[in-house]
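Down below is the structure, laid out as structure tokens.
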Amino acid sequence: MTSPTPPCAPEDVRRVACVGAGVIGGGWVAHFLARGYDVTAWDPAPDAEPKLRRLVDAAWPALTRLGLAEGACANRLTVAATLQEAVADAQFVQESAPEKLELKRNLLRRLDAAAPAGVVIASSTSGYPMTDMQTEAADPGRLVVGHPFNPPYLIPLVEVVGGERTSAGTVAWASRFYEVAGKSVITMDREVPGFIANRLQEALWREALHMIANGEATVREIDASITEGPGLRWAFMGPMLTFALAGGEGGMAHMLDHFGPSLKSPWTRLEAPELDRKLYDAVVAGCDEAADGRTIADLVAERDRGVIDVLRATGRLPRQRTAGEAAE
Ligand SMILES: NC(=O)c1ccc[n+]([C@@H]2O[C@H](COP(=O)([O-])OP(=O)(O)OC[C@H]3O[C@@H](n4cnc5c(N)ncnc54)[C@H](O)[C@@H]3O)[C@@H](O)[C@H]2O)c1
């Protein structure tokens, strides 16, 4: 069966429903309100409404500093008494209920039954493939993962991926909607457990736990190794391009020639893939593409500016002396 098409274009959405209003659902509510949408929320917890309003109130000063969309107002939040009421006239639904597979399956079935035909329903799941969650819904074609990062009103990234029964149109519609709603979107063309960013975070997290378990590093050392080290670069340039700069003027190709053999060294418990020609070429070509016309010298200048900006913004650079003070 093909899914009915969404009743409106991503650009025309005005009303969003957020189902499950805890840390993530509440963060989504704050984000959509700040982008000027009417938001209806539903959460079965008896104290959900005051908690949600406290979360939105606490986020609002930061959102105001960031810049609100025209007409954005925290009063445009309605808390519905039932799931059906929450989604009855929604043009997009974001589900953020607890990470329990049976609960998600059942909830997505109920949301699908209650939401207007064709309206896209996205799940905030941290790791379940949509294929496993869409099993009960009458129209699985409109169900998609839209995985955010905490807090969704500040961290731009959303990973969008469909399940085996999600229609390609739903994936494209959701990606476009999130972009229009001010998010930074990665659209994946296949399901991978943990998506992209959590796999990378998880690799670091597991290695850190191994190091603590073995007495190789303390919690404090692990945190400092990132905040005083690579983390300073990752805020504005990802791990691939920053490693390309470790290859000097030779870029990623030289980096791989130089450090490729280290893949055989026991520098992590994670097994390295074989650095064959195909992987080598994919990494080098990927870096060229990501550089998007910038030379190595451009990237070095960008990195250096970025590190200084991050150090300054987080209060880790001594205040610069003025010319007058320097002369004293
Ligand atoms: N916390 C994070 O950093 C993070 C990041 C990305 C994605 N996620 C995902 O977001 C989802 C929500 O996580 P959270 O951290 O906000 O959890 P949370 O416990 O803070 O919030 C879950 C909310 O869902 C409500 N709820 C319980 N049963 C429900 C039901 N049947 N229908 C609707 N709502 C129900 C609860 O009352 C609660 O308010 C999960 O799928 C999680 O994996 C979490």
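The backbone N, Cα and C atoms fix where each Cβ goes, and this holds for glycine too.
Curation plays no part in TrEMBL annotations; they are all automatic predictions.
In TrEMBL this protein carries:
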type	residues	note
BINDING	G20, A21, G22, V23, I24, G25	NAD(+) binding site
DOMAIN	16-190	domain '3-hydroxyacyl-CoA dehydrogenase NAD binding'
DOMAIN	194-278	domain '3-hydroxyacyl-CoA dehydrogenase C-terminal'
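Sequence features, as recorded in TrEMBL, placed on the structure.
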{"residue": "G20", "record": "NAD(+) binding site", "contacts (Cβ under 8 Å, 6+ apart)": "D43, E95, S96, A97, P98, L107, S124"}
{"residue": "A21", "record": "NAD(+) binding site", "contacts (Cβ under 8 Å, 6+ apart)": "V29, A41, W42, D43, A48, K51, L52, V79, S96"}
{"residue": "G22", "record": "NAD(+) binding site", "contacts (Cβ under 8 Å, 6+ apart)": "D43, K51, S96, P98"}
{"residue": "V23", "record": "NAD(+) binding site", "contacts (Cβ under 8 Å, 6+ apart)": "L55, N150, P151"}
{"residue": "I24", "record": "NAD(+) binding site", "contacts (Cβ under 8 Å, 6+ apart)": "S96, S124, P148, N150, P152"}
{"residue": "G25", "record": "NAD(+) binding site", "contacts (Cβ under 8 Å, 6+ apart)": "C18, V19, A41, D43, L52, Q94, S96, A97, S124"}
Residues within 8 Å of the G20, A21, G22, V23, I24, G25 Cβ centre (excluding the NAD(+) site residues themselves): C18, G26, G27, W28, D43, S96, A97, S124
I24 (NAD(+) binding site) in three-state DSSP notation: helix
The domain '3-hydroxyacyl-CoA dehydrogenase C-terminal' (194-278), counted residue by residue under DSSP: helix, strand, coil: 58 helix, 0 strand, 27 coil
